[in-house]
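Per Swiss-Prot, the features are:
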- Cys117: active site, proton donor (ACT_SITE)
- Lys22, Asn23: phosphoenolpyruvate binding site (BINDING)
- Arg93, Lys162, Val163, Ser164, Val165, Asp307, Ile329: UDP-N-acetyl-alpha-D-glucosamine binding site (BINDING)
- Cys117: 2-(S-cysteinyl)pyruvic acid O-phosphothioketal (MOD_RES)
Amino acid sequence: MEKFRVHGPFTLSGTVDISGAKNAALPILFAAVLATEPVTLTNVPDLKDVDTTFKILRKLGVVVERDESGAVQIDASKIDHYVAPYELVKTMRASIWALAPLVARFHEGQVSLPGGCTIGARPVDMHISGLEKMGSVIELDEGYVKATSNGRLHGARIYMDKVSVGATLSVMMAATLAEGTTTIENAAREPEIVDTALFLNAMGAKISGAGTDTITIEGVERLTGCQHRIVADRIETGTFLVAAAVSGGKITCRGTKADTLEAVIEKLREAGMEVTVTEDTITLDSKGQRPKAVNIRTMPHPGFPTDMQAQFTLLNVVAEGISRITETIFENRFMHIPELNRMGAKGEIEGNTAICHGVEKLKSAEVMATDLRASISLVLAGCIASGETIVDRIYHIDRGYEHIEDKLRGIGAKIERFSTKFEE
């Protein structure tokens, strides 16, 4: 099993080129199944979850190729298989996005119930009910969700009982080829939904309202080829800004957009950090100052993103003062706190709230990553702790951060990957 060995404390400073967003790349890759012609995607991050998506697409009969420049060509014109199998789907919850494009274009699709990070309940019910309202028949059989339709799906008014990024994307994809108009109310507003809509429209879809809570899709008969650049990863951006804030450094994130990260930037400024933005850069200068504690409440976009909660937990455990962090999106998403406490942090969990008592310094320890965002907070903790920290189960990080140790070394971290022969 691979681990990271991280030495500290070090100040993290420099410039980081931000990768394409995993949370846009995955739905866009699955949405390419809707097209009868090849599509070309650029700025696709080199990640485990992207590789898994390639494997699922190839199982369906899609031709997927990545060239030397990193551009990805996808040709879904000869799909001959409609099942996303358990052995691939089990590692990644995003696999559910294979279902809507298959049933929309081919009137049948089958996806194993998905896996991924262990952070509480993420039911697929809203994906399923959306497809049912559009005329699909859904069966659950031996761990698989099977969707069929008698001809084209039909447009429908779909109200989301809970704001759901995943279900909004599923319904939006399916509706592009449906007969008639579909309206999604109480839709998620994340930038990755906007990017997916831009991609679908480039293929000939008729989507309006993405980025608001009401999305309207007029169905078309077919979608064609296009070229599209994946939006920058706002969570990777926020992660590196926090790296500067907790280490007393100054970091510029290049190739990113501040308007996708307003809630995070506001909280960093509240923590006493100087943040400056240009059209495609964000710079955080801590001026060597310890951050001030900030209260956080995770919310759907444009609120504070749940995927930045673990990083701000780290900020708060080394900040001046006491803070409360309330997690409203996912259950069981404070598993990093006991690990940070092993490093000398003072964090308490009360239901869906964490209380952080800031300490001046962390000390090294052997810690275990539990999910994607928790794992990066432990790596950053290792960068600012005295001594050698070992971070176990780093496969979580490879699912969502491209070339992370290279990027961290580029801003002054001392980090290496190593393997152990036996899993304890």
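Every residue gets a Cβ built from N, Cα and C, even glycine.
Annotated features taken from Swiss-Prot, shown on the structure.
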| residue | record | DSSP class |
| --- | --- | --- |
| Lys22 | phosphoenolpyruvate binding site | helix |
| Arg93 | UDP-N-acetyl-alpha-D-glucosamine binding site | helix |
| Lys162 | UDP-N-acetyl-alpha-D-glucosamine binding site | coil |
| Asp307 | UDP-N-acetyl-alpha-D-glucosamine binding site | helix |
| Ile329 | UDP-N-acetyl-alpha-D-glucosamine binding site | coil |
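Local packing around the Cβ, expressed as the count of other Cβ atoms within 10 angstroms, is greatest for Ile329 among the binding-site residues Val163, Val165, Ile329. Maximum intra-site Cα distance, UDP-N-acetyl-alpha-D-glucosamine binding residues Arg93, Lys162, Val163, Ser164, Val165, Asp307, Ile329: 18 Å.
Taking all protein chains in view, 23 other C-beta atoms sit within 10 angstroms of the C-beta of Ser164 (UDP-N-acetyl-alpha-D-glucosamine binding site).
Other Cβ atoms within 10 Å of the Cβ of Lys162 (UDP-N-acetyl-alpha-D-glucosamine binding site), summed over all protein chains shown, number 12. In this structure, the C-alpha atom of Arg93 (UDP-N-acetyl-alpha-D-glucosamine binding site) lies 13 angstrom from that of Lys22 (phosphoenolpyruvate binding site). Within its own chain, Lys22 (phosphoenolpyruvate binding site) has Pro45, Leu47, Asp49, Val50, Asp233, Arg399, Gly400 as residues 6 or more apart in sequence whose C-beta sits under 8 angstroms from its own.
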